[in-house]
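Novice: The following block contains the structure, expressed as structure tokens.
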Amino acid sequence: MNPYVLAILLSSLGLGTTLTFASSHWLLAWMGLEINTLAITPLMAQHHHPRAVEATTKYFLTQATAAAMILFASTTNAWMTGEWSINDLSNPIASTMFMTALALKIGLAPMHFWMPEVLQGLDLLTGLILSTWQKLAPFALIIQTAQTIDPLLLTLLGVMSTLVGGWGGLNQTQLRKILAYSSIAHMGWMIVVIQYAPQLTLLALGTYIIMTSAAFLTLKMSSTTKINTLATTWSKTPTLTATTALVLLSLGGLPPLTGFLPKWLILQELTKQDLPLIATVMALAALISLYFYLRLCYAMTLTISPNTINSTTPWRTQTTQAPLPLALFTMAALGLLPMTPTVMMLTT
């Protein structure tokens with residue numbers, strides 16, 4: 001892709017998200033989301049592969065549907081209340097419709113069906129943008145309006161997403177689909193606590209972005225998209241394989257690693273709010289997710305690939321990717337748990 005075109009598209013992505021962040025009027029927020037969608041569409045279709053074009057079409061249709069629902073919800077709210085401000089979402093029908101639209105935008109269950117299919121059709125860097133940057137603008141709107149949305153709806157979306165994210169990833173062999181289901185499960189954790197402690201949602205979103213970026217950049221570095229090719233990386237890059245296994249366990253939320261921090265604080269908050277049943281279901285759903293991360297770790301570090309690959313293995317060629325972002329994200333994904341007292345002081 002032409003570097004000038006790429007620069008325009010990336011700056012438009014930034015502009016769209018910033019516009020949604022800064023807006024207090026519904027139309028401006030909607031405009032930011034639309035700019036975001038239109039800027040990422042050429043990035044998704046840049047490889048001219050039928051799979052990429054199919055993924056782009058699916059993504060565009062779902063985002064356009066969600067944007068139309070947001071516009072309809074905001075118009076309904078303005079019609080009923082006479083207010084266009086984001087903070088005045090007082091009509092229950094409009095707020096439910098609005099939350100449904102944003103759930104479709106970020107891929108919460110049961111509106112998640114597009115997410116694995118779209119991510120599977122993209123290259124790893126565009127998939128990284130879709131899994132991280134594209135979540136920011138919708139989350140800004142959800143956090144602003146969380147107190148006006150029906151608590152039961154938020155809890156249902158959160159619990160269902162963690163369960164679907166766990167179950168859906170169990171049977172996959174494609175790494176991008178596994179990361180898509182991982183994304184759905186993490187979104188569920190963020191949504192379930194948003195009505196009680198929005199600052200924990202921001203913390204969970206931040207740690208999710210760090211861990212997912214580390215995972216995607218690792219896969220890009222070793223040019224891996226399937227489990228069976230992952231099984232041959234240990235002989236070529238043993239250090240990278242070891243850190244990748246730790247990043248995956250961090251995504252699963254195991255204690256010495258960064259991923260444990262948001263899960264721990266969210267479960268603590270749910271218990272404080274006298275919701276032990278929901279906290280138990282969330283913890284059990286996290287165990288299901290942990291199983292497929294462990295499966296990846298097992299395939300990568302404890303098995304020798306059973307299939308003879310006759311073609312040139314992709315990681316034998318020199319990669320053009322800069323190692324610094326990968327190193328920084330990996331360090332952050334593995335070592336931020338000692339920051340817990342600081343985080344707790346800031347969030348309480």
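Each Cβ is built from the backbone N, Cα and C atoms, and glycine gets one as well.
According to TrEMBL, the domain 'NADH:quinone oxidoreductase/Mrp antiporter transmembrane' annotation covers 23-288. Per TrEMBL, domain 'NADH dehydrogenase subunit 2 C-terminal' is recorded for 290-343. Annotation source TrEMBL lists transmembrane segment at 60-80, 92-115, 152-171, 178-196, 202-219, 240-257, 277-294, 326-346.
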Novice: So, taking each listed stretch (60-80, 152-171, 240-257, 277-294) in turn and counting its Cβ pairs to the transmembrane segment (202-219) that are under 8 angstroms, which one gives the highest count?
Specialist: 240-257
Novice: Among the recorded stretches 60-80, 178-196, 277-294, which has the greatest number of Cβ pairs closer than 8 Å to the transmembrane segment (92-115)?
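Specialist: Result: 60-80.
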